[in-house]
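Chemist: The following block contains the structure, expressed as structure tokens.
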Amino acid sequence: MQTEHVILLNAQGVPTGTLEKYAAHTADTRLHLAFSSWLFNAKGQLLVTRRALSKKAWPGVWTNSVCGHPQLGESNEDAVIRRCRYELGVEITPPESIYPDFRYRATDPSGIVENEVCPVFAARTTSALQINDDEVMDYQWCDLADVLHGIDATPWAFSPWMVMQATNREARKRLSAFTQLK
């Protein structure tokens, strides 16, 4: 895969430039654009993934299905599709926005900061997973209710962005709609 960049943003969320992704994530990470996606299978189960130990930020942490950064000129939806193919080896339904104005800042135990405007999406797949070990070290298909209960009971066991997304009432409601079989 070619070198990825992040789209830098000012405080109002307006693009101001780009920076190589690996260089962008430091102890003083500048605000940038990202996305987060929750993927459901034909049984209405959520894919929860564990980040590879080689990841710069939050290695080995359990999180929602896929996260990433849209590239210059790429829509958020196309970025979700691209990363689902790259990380999970799956085709997905068109991503649906579930939390369009999500923004967060969090620091991992090593001091690496995430500072993102991060629209959240959900999608479905019927494809068999073909996991990219450079991105994902483990995964589990779970009932959403069980995951939400786990987040409520032990938020420290999940990525901070997953916890913040899952505790938003409207996002939780929209995620629940994806558990209904179609």
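Any Cβ shown, glycine's included, is placed from N, Cα and C.
Under the heading substrate binding site, Swiss-Prot lists Lys21, Arg51, Lys55, His69, Arg83, Glu87. Taken from Swiss-Prot, the feature Mn(2+) binding site covers His25, His32, His69, Glu114, Glu116. According to Swiss-Prot, the domain 'Nudix hydrolase' annotation covers 30-164. The feature active site is assigned by Swiss-Prot to Cys67, Glu116. What Swiss-Prot records for Cys67, Glu87 is Mg(2+) binding site. Here Swiss-Prot flags Tyr104 as site 'Essential for catalytic activity'.
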Chemist: What's the CA-CA gap between Arg51 (substrate binding site) and Tyr104 (site 'Essential for catalytic activity') in angstrom, rounded?
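Modeler: About 19 Å separate the Cα atoms of these two residues.
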Chemist: Other residues with Cβ within 8 Å of the Cβ centroid of Lys21, Arg51, Lys55, His69, Arg83, Glu87 at the substrate site?
Modeler: Val66, Cys67, Gly68, Glu135
Chemist: I'd like to know the mean pLDDT over the domain 'Nudix hydrolase' (30-164).
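Modeler: Summarising the domain 'Nudix hydrolase' (30-164) by its mean pLDDT gives 97.
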Chemist: I'd like the Cβ neighbour count for Glu116 (Mn(2+) binding site), meaning other Cβ atoms within 10 Å of its Cβ, all protein chains included.
Modeler: 23
Chemist: Using a 10 Å cut-off, grab the number of neighbouring Cβ atoms around the Cβ of Arg51 (substrate binding site), all chains included.
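Modeler: Cβ-Cβ neighbours of Arg51 (substrate binding site) within 10 Å number 20.
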Chemist: C-alpha of His69 (substrate binding site) to C-alpha of His32 (Mn(2+) binding site): distance in Å?
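Modeler: With the alpha carbons as reference points, the distance is 9 Å.
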Chemist: Specify the count of other C-beta atoms within 10 Å of the C-beta of His25 (Mn(2+) binding site).
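Modeler: Its Cβ shell of radius 10 Å holds 20 other Cβ atoms.
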Chemist: For His69 (substrate binding site), just count the other CB atoms lying within 10 A of its CB, please.
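Modeler: His69 (substrate binding site): 21 neighbouring Cβ atoms within 10 Å.
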Chemist: Just checking the binding-site residues Lys21, Glu87, Glu114, Glu116: which sit within 10 A of Tyr104 (site 'Essential for catalytic activity'), CA to CA?
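Modeler: The binding-site residues close to Tyr104 (site 'Essential for catalytic activity') (Cα within 10 Å), listed in sequence order, are Glu114, Glu116.
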